[in-house]
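Student: The structure that follows is given in the form of structure tokens.
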């Protein structure tokens, strides 16, 4: 039997042959013996492309996949090919040894402190046979387990000894998993500062091997993923992070519509550990230099494009490096480009062709997201100006235009965008290019320009001059159905049908405008029938649109018109996860009377509500249990909050925010986004102070401020008396 302990399974040169079987197991026996362990590791089936990035699939699903896409380049299509290597079968004695290693770990009989010793000995046995073992479908699992459990010296020793065949290991279906496991283990060992120099030396050796012939590695579905993980390891981030992985289309869209902070604003990239900045720049510069002649292939290749996208994302914020590599990626041959001359005119038409290919359009999007301001401006004017509508009309090109508009840096650029797209709202919506419209609306709000024009153009695209503006929001919620109808003028509300996500997103973006810019849309949403409002509240997309309106700068009276249509249904709506946010928002903006109505309806369904995932939070936020137990005390507490808000704004609020009435004070919000944020923070602090029994304005930070403005307030009150 196999001995277990610190001396278990030493190097084969010193060990005693004590195997369970006297003869070699056949291939069928090996598969049967390892079947259970194999399932546990969950490796993907060969039919599933391991290297296919989930972002590519998600963006294709979002509407880009229908376009004619460039087929992934086959290995033999690459102009520079790796020298062939013949994989020998694992010799019988080595096979028996690693089979016993697998059985040992499968039995879970090895103590933690002994695992490292056993793994180190076993990895010694891989010397000279790394390629055969790591590319074997069965033994590759064993090597993965060893690499996960060994110490850093054994790990680096394995990588150094296998460095010459590392590209071939990475390009194999099984070997790519082993290569990734080794890189993941290196990242784990980086937590120990003493290992930094050892790991740095190992990574440098791997980088030197890769840059000798990078094109094959970049364009292979397996090795491209390994290469991206190596790049991320040099940067100190995880490949699974949104910054380095292909980001989900929903996250990208949220950034473009100002619904979340952009990756560039979040310190460019949050590092998760030690990084190797010099190795990162070394690998990228040498890799691109050696691939310069094949850049046209990499641009359109599915996997090569993903590697280039990862490179760009990892360098986001490093303008000096980006100014060097972006022209190369775009196919420019000049070196030492000066400002205003980064892009050669000879490649302009080639780039315009790239925006119509699936893989290369993704690449152009990322370039627009990370490009330094000067380079972005040159790309904008040299490549895209006078072609925006044509590109936006294309299925793939529309995504590039979205990226271009979302990353516009100046009002001058927005003027050009509006000149080319401002009169095309109806055409773009009819073609299904609603993402372009959403990006344009969000960019106009971000740059504070063309907001009123965008609102007018949107209304005109959905409502003819002889129609009432009440139809705008219903048509927007069912955007695709409206434009696909045979006779749009006779279109009616399709009850029971799922609402259009992009239509909802456009409404969310436009409701951020100043109230005077969106009066037709406010009129439309407040004129909806009660059953339509209720149906929208039950739908996830519709609920977001209603929530955006309640969070807008519309007056309390306008918001109340919508809220009263939900009266009697707050309990039902609160059962839906998306509807619960509407209930909370209605409560926040309502006066005391409506607050009590909302809570009383929730109190009636409190038992059912508590069983939902979101119920406890909503119940606690609105103090439903407090209302059920002591209604009068709950009412006094709400009155105290309202009084505190009023007192706060009397002292600190501007003229705009002091437009107070006793029944609608809480509903008055600032027209500026920053003020709205401060209001939310203030509400939170008031809630905390009321729960603790400490007067809100007695806190030192506010008390000092109150003393400063006290004299001015008195003088103002005296003037008013005069």
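Here the Cβ of each residue, glycine as well, is placed from N, Cα and C on the backbone.
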Student: If I go by TrEMBL, the feature region 'Disordered' sits on one of 651-686, 687-722. Which?
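Tutor: Comparing 651-686, 687-722 with TrEMBL, region 'Disordered' matches 687-722.
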Student: Give me the DSSP three-state residue breakdown of the repeat 'Pumilio' (565-600), ordered helix, strand, coil.
Tutor: 29 helix, 0 strand, 7 coil
Student: Where does the mean pLDDT land for the repeat 'Pumilio' (382-419)?
Tutor: 96
Student: Near the repeat 'Pumilio' (565-600), which residues from the same chain, at least 6 beyond its ends, have a CB less than 8 A from one of its CBs?
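Tutor: Residues packing against the repeat 'Pumilio' (565-600) from afar: 528-530, 533-534, 537-540, 543-544, 546-547, 550-551, 556, 559, 608-609, 612-615, 617-618, 621-624, 627, 631, 634-635, 638-639, 642, 663-667, 669, 683.
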